[in-house]
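Listed in TrEMBL:
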TRANSMEM  A:32-52  transmembrane segment
TRANSMEM  A:64-83  transmembrane segment
TRANSMEM  A:89-108  transmembrane segment
TRANSMEM  A:115-131  transmembrane segment
TRANSMEM  A:143-163  transmembrane segment
TRANSMEM  A:170-190  transmembrane segment
TRANSMEM  A:220-242  transmembrane segment
TRANSMEM  A:254-283  transmembrane segment
TRANSMEM  A:295-314  transmembrane segment
Amino acid sequence: MFKPLTLRTYLLVAALIALALALPHVIDDSYLLHLMILSIIFAIFASAWNLVTGFAGLKTFGHHAFFGIGAYASALLGINLGLSPWLTIWLAAVIAALAGVFIGTPILRIRSMPHVAIVTLAFAEIVRITISNLQGITRGELGLWGIPAFEGFMLPLIGEVVFNPSVKLWYYYLALGLLLLSIGLIALMMRSKVGLAVVAMRDGEDAAESLGINLARFKLLVFGVSAFLVGLAGAFYAHYVSILTPMAAVGPDLIILVIAMVLVGGLGTFSGPIIGAFVLTFLGESLRVLDDYRLLIYGALIILSIMFMPRGLATIGSFFRRRPAEARAD
Amino acid sequence: MSSPSQQPLLQVEQASMVFGGLVAVKDLSLDLRAGEILALMGPNGAGKTTTFNMIAGALIPTSGRILFEGRDITRMKPDGRCRAGVARTFQITQPFHELSVVENVMVGSMVHHTSLAETRKEALTYVEMVGLGAKAEAPAKQLSTGQRKRLELARAMATRPRLLLMDEVTGGVDQKSIPDLVALVQRLHGEGLTLIIIEHNMRVISELAHRAIFMNRGEKIAEGTPAEIAAHPDVVELYLGEAAHA
């Protein structure tokens, strides 16, 4: 993880980006593009949650709070102050990060991870109930609508960039840009000294602290960055779907889905959360006929992936390659 | 070579550690001069590891003071003490399982460098020093107990400490590796390191330590050269009596 990247990795990433850029011109289908955009939103959310839980080992179950804070903050800034979404998504991400630092400061002193999980989950419920009850501002369960869309503009050589419900193309490219930015930020952080400190902290807090690592500072840093990215994903979501309800933007279903994505894709890997987000978004859509019973399928998937590929789909290649060697070692 | 100042490197003044109703360490005082190797001895539950934890910062004493280079570090956190020059190894080794051997040591050396490449370069010298050069890129979880002890030593040394606390230098290490480990500790001492060791092997103590403190039930009951401790009547009764029969 801390060795220089190989040419092969660079080429693979470049090929994937090229594929993602070309995709909408191959599948010109509004519904499929919609699923791609949802997958990307979840990929950002899942990658950011993975940063905290997979890389730093902090078991937080309340990250949907930051998704909702980002979504509502960006929407409300747009509606009430008339600010452009191009500005408010960043302001909303900063607000989510501040909320992350605010709630993180007391929580991250707790060394018992089950307690961290419960307290963060409770925090998210408080955020949801607050949004639900602040009807004068958020319209509560009635739903917040009239959220401004991203303004279009002219791009030299390429043409007009427009954002409206019937033209998904530019939403897709914007989401893709935000995803690349998020992954880039996470990868840059994790491959630096910060990443080394964070992984050491996950594998052995006492040992890491005895080697000069300030635990509180690194925990707060990853928590803040993670909340920022989740808030950004939530803000984009608000302007994309253009209607928010407390259950859709801060419901516990969200975090359950994200946890499933990360576990199936690969906890503590770079590509796992992205793979998991795409697999489960498309799977969830094809299982829509099953209604709530599809949660059973998610549950079975999580159990099967933990049993047979504990590091997720992201490591499935090495799983097949390493198998014989490990069998010999036993 | 010795500094003209007579101030001890480490002073523990009347330190006590109470957990609920249990007094783990009671009114312990000790002075450690720069360049010394001090052994902490005593039966299980004597308070040796608790004393280490108070010096390294994992525990804050219920009462008393701890001074390092004349500076009060009683309430300083472990990471701060590490930067101040106090490093430790753990009785039960705590390797970072998902990292390679050299990456484990990089965690220790990174405070001294800005770039990861330089951090790695310095870490490798410590990996070589403890004889794990061939295993540098192997995952830490693949190491044997003896190799883990060496890894912990390399990791702690990478922080460039002036005082090293070694909890069970030879615990869990096979007999034929012990002379190597003793020689390694002697070499580090020769380069100017001051050490406190917790050790049960009397031969290792007499080879390494200049001075020993014998603890029982949280209190210091004897202090002197290893030979004096070995001959002390209370110690013979409490500790070596059993060992002599073993």
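Counting begins at 1 with the first residue displayed.
Heads up, the Cβ atoms here are built off N, Cα and C, so glycines get one too.
Just so you know, TrEMBL annotations are computer predictions that nobody has curated.
Only sequence-distant pairs (6 or more apart) were considered; of these, fewer than three Cβ pairs between the transmembrane segment (A:254-283) and the transmembrane segment (A:143-163) are under 8 A, so the stretches are not in contact.
Under 8 Å from some Cβ of the transmembrane segment (A:115-131) lie the Cβ atoms of residues 58-65, 68-69, 72, 103, 107-108, 138, 140, 246-247, 249-252, 255, all in the same chain and six or more residues away from its ends. Pairs of Cβ atoms less than 8 Å apart link the transmembrane segment (A:170-190) most often to A:220-242, out of A:64-83, A:220-242, A:295-314.
Here the transmembrane segment (A:295-314) has Cβ contacts under 8 Å with residues 256-257, 260, 262-272, 275-276, 279-280, 283-284, 287 of the same chain, all six or more residues outside its ends. Stretch with the largest number of CB pairs closer than 8 A to the transmembrane segment (A:32-52), among A:64-83, A:89-108, A:143-163, A:220-242: A:220-242. Sequence-distant contacts of the transmembrane segment (A:89-108) (same chain, six or more residues past either end, CB-CB distance under 8 Å): 58, 60, 62, 65-66, 69-71, 73-74, 77, 83, 116, 119-120, 123, 216, 219-220, 223-232, 234-236, 238-239. Remote same-chain residues near the transmembrane segment (A:64-83) are listed as 45, 89, 91-93, 95-96, 99-100, 103, 120, 123-124, 127-128, 131, 137-138, 144, 146-148, 226-227, 230-235, 237-239, 244, 246, 249-252, 254-255, 258 (criterion: CB distance under 8 Å, separation of at least six residues from the stretch ends).
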